[in-house]
């Protein structure tokens, strides 16, 4: 302790009467460690709870003490990084750190003006420098090389301690350069961070000024998760913006807990040499290269209106931000709506300016816009796979080019589809687009990079689509892909060329109509759906033949949203988008009303005379069939794929009979079904009709025909209280062999031989019908492959109910639930004989539940009744 400090401490009463002078001297000479810093508020001399002890005798004479060793503080880490050399202050910390106000063990310093007796008793050489100063920064007024200050100790008395000049030092870590990064503060020998709560540009500007990195600072945030284990020192920093050091700002000492948003304070600094350019930032983007353009003017952030906003303006913004690559303008608050004022409007840059300030524009604050028109930019770095449209009138149209290995190249149009166009336009920021003629744009002279591109429509980037290897193609530049993209209109109205596809049809020319809107495939409701609407869909897909509309989920129910309802086409429109008069997503429909189309439709109803001779002698012939498709466990069949499938319908007073049972056509005039189908409504022929050539129960079709019943013959051994002899024959109305007209969709099945055992002679068995699908009764004809089982399975399961006049069929495993249920009673169990003829071996009769594990279905064995069938039908 120096003499001056000892005198001051004595005058202030810091040395109690009970402590001998020699002990104080010895403590000072041996540099006894100071007390721990007090935990409460600090006041000069004493804490408020203590009384100053009465002085009973004058202080003893003060000997001369050796001065503390001169120790220069270490250089600031940030100064070394930035290339600065700290200038020593003549009587304190270096010039860059004159604001330290705590001791090296963390005790807050007292204000110099609060210890006036020091001046009066033993003024040091530099005391005049501190006269009237109410600050508490560490100084060395007695000429010692190491700054110090007074502090209140744990007992409420005044003591002194050395200071660490690095306390409160600032550095930026983790940035791309020295002008940006996470703010770190040095305290108590450890670097720590600042919680980002209330962190703003005023705080950031003080940091930048303190680091001599310019007077402009932009507040940023960094996740704590990427900083490792590091303490937090401050929160709620509240700078005015003109402070010379962050230590001069109001702030809260971190007391623990959770920092809001778990973000640390960070800054980006910039100089203001040359012309005064406005501060710009990009907000709301997925990276630092894109976002809503915001300007800092008159002390607040604001946006730019997108009137006249184009790629030339974006070029200037990217240049001003130091971002290279492809500059693109974005409109209509693409990166979200901002807040605060709209700063600028009608910006009209040429693209060569250094700052938006140099571009023609409105006066600051003058505009006629809302935040729905906030402008944005993207400054996409030139990396492999970046795409652009070149040679057009703007960035929305032109020749498709891809950047690869430092060079732009084109894409060949082999196999190009609307889905490819959609992915390209979406990546470029547009909602829709269409392929344009390459003749509209100048031919490229660069390489052809890609060929045979195929997108599904779900890709977010063009390079996610399947394609050939880079540079492999068999094209010329006359086959370059050209595209015109369109933004989404107001209220989500569609522009031209949104993707359309047909699903679940028998071929690519038919199916359920689905459209791709707002990133999702969805369906169209069939309200008002006509052949004119179908014609537009088919034309959009490139088909020129006749088109037919299909309603009532003819091709099965879709999934996802129902995008469109009440389509009104005249038949001459270029695309479905021209027919849509109602807002997207607005409807009153279910997927049971999904619309469909058949393109290049050339179906024609067959003539009875023309088919009589060629088809009357043929049975079991499937003219229309395709790959196997698996009622319960089944899927839609092919139209006309099971031409002997008919339905027994119960007539009603309205004339539209409902499905009662399935049945099998044996000839033009005879149908085979189950006897139990007549158990409830009796055997009066007036109650029933038979429909042949049907596929969708609610949609009339060209091969469909409904015929009255002339005779019902139930096997004489059938009893309503039994399941045995469950077989019946139905005679259709009409002349002999001229009841039903044969066609590719209406043909008879073959009968088996008497006592034929299908397990040995047949394979590839199916059940068909409109029955239970596991969710509801189907509107479209279903089919399901089903294995024949040894009779012992049903004998064990059903005991005495199963007889030798029955067949056992079905899957025993729960995960392969295939069965023929209530709506398919009387329907056929068909198996294929070698030679491709199909034989009706079973009639759906009964079972336990529907698709229940270990409960196979039971079918009437037709081969046991062949003599009876022939005697009745005379076949």
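Glycine too: its Cβ is placed from the backbone N, Cα and C atoms.
Feature annotations, courtesy of Swiss-Prot:
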type: CARBOHYD; residues: 26; note: N-linked glycosylation site
type: REGION; residues: 31-88; note: region 'Disordered'
type: DISULFID; residues: 93-165; note: disulfide bond
type: DISULFID; residues: 109-149; note: disulfide bond
type: DISULFID; residues: 138-163; note: disulfide bond
type: DOMAIN; residues: 170-271; note: domain 'SRCR 1'
type: DISULFID; residues: 195-259; note: disulfide bond
type: DISULFID; residues: 208-269; note: disulfide bond
type: DISULFID; residues: 239-249; note: disulfide bond
type: DISULFID; residues: 349-359; note: disulfide bond
type: DISULFID; residues: 412-475; note: disulfide bond
type: DISULFID; residues: 455-465; note: disulfide bond
type: DOMAIN; residues: 500-601; note: domain 'SRCR 4'
type: DISULFID; residues: 525-589; note: disulfide bond
type: REGION; residues: 619-630; note: region 'Zymogen activation region'
type: DOMAIN; residues: 631-874; note: domain 'Peptidase S1'
type: DISULFID; residues: 661-677; note: disulfide bond
type: ACT_SITE; residues: 676; note: active site, charge relay system
type: CARBOHYD; residues: 683; note: N-linked glycosylation site
type: ACT_SITE; residues: 726; note: active site, charge relay system
type: DISULFID; residues: 765-831; note: disulfide bond
type: ACT_SITE; residues: 825; note: active site, charge relay system
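Overlay of Swiss-Prot feature records on the structure.
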{"residue": "109", "record": "disulfide bond", "DSSP class": "coil"}
{"residue": "195", "record": "disulfide bond", "DSSP class": "strand"}
{"residue": "249", "record": "disulfide bond", "DSSP class": "coil"}
{"residue": "269", "record": "disulfide bond", "DSSP class": "strand"}
{"residue": "359", "record": "disulfide bond", "DSSP class": "coil"}
{"residue": "465", "record": "disulfide bond", "DSSP class": "coil"}
{"residue": "475", "record": "disulfide bond", "DSSP class": "coil"}
{"residue": "661", "record": "disulfide bond", "DSSP class": "strand"}
{"residue": "683", "record": "N-linked glycosylation site", "DSSP class": "coil"}
{"residue": "825", "record": "active site, charge relay system", "DSSP class": "coil"}
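For the disulfide-bonded residues 259, 412, 661, counting C-beta atoms within 10 A of each C-beta gives the highest total at 661.
DSSP gives residue 677 (disulfide bond) a helix state. By the criterion of other Cβ atoms within 10 Å of the residue's own Cβ, the least surrounded of the disulfide-bonded residues 455, 465, 765 is 465.
When the disulfide-bonded residues 269, 359, 831 are compared by the number of other CB atoms within 10 angstroms of each CB, 359 has the fewest. Straight-line distance linking the Cα atoms of residue 525 (disulfide bond) and residue 825 (active site, charge relay system), rounded to a whole number, equals 32 Å. In the three-state DSSP scheme, residue 831 (disulfide bond) falls into the strand class. Within the same chain, the residues at least 6 positions away from residue 825 (active site, charge relay system) whose Cβ sits under 8 Å from its Cβ are 661, 662, 674, 676, 677, 844, 845, listed in sequence order.
Residue environment of residue 195 (disulfide bond) contains 25 other Cβ atoms, counted within 10 Å of its Cβ in all protein chains. In the structure as shown, the Cβ atom of residue 349 (disulfide bond) sits within 10 Å of 23 other Cβ atoms.
Across the domain 'SRCR 4' (500-601), mean pLDDT in this model comes to 88. For residue 676 (active site, charge relay system), the number of other Cβ atoms no farther than 10 Å from its own Cβ, over all displayed protein chains, is 22.
Comparing the Cα of residue 165 (disulfide bond) with the Cα of every entry in 109, 455, 765, 831, these being the disulfide-bonded residues, the smallest distance points to 109.
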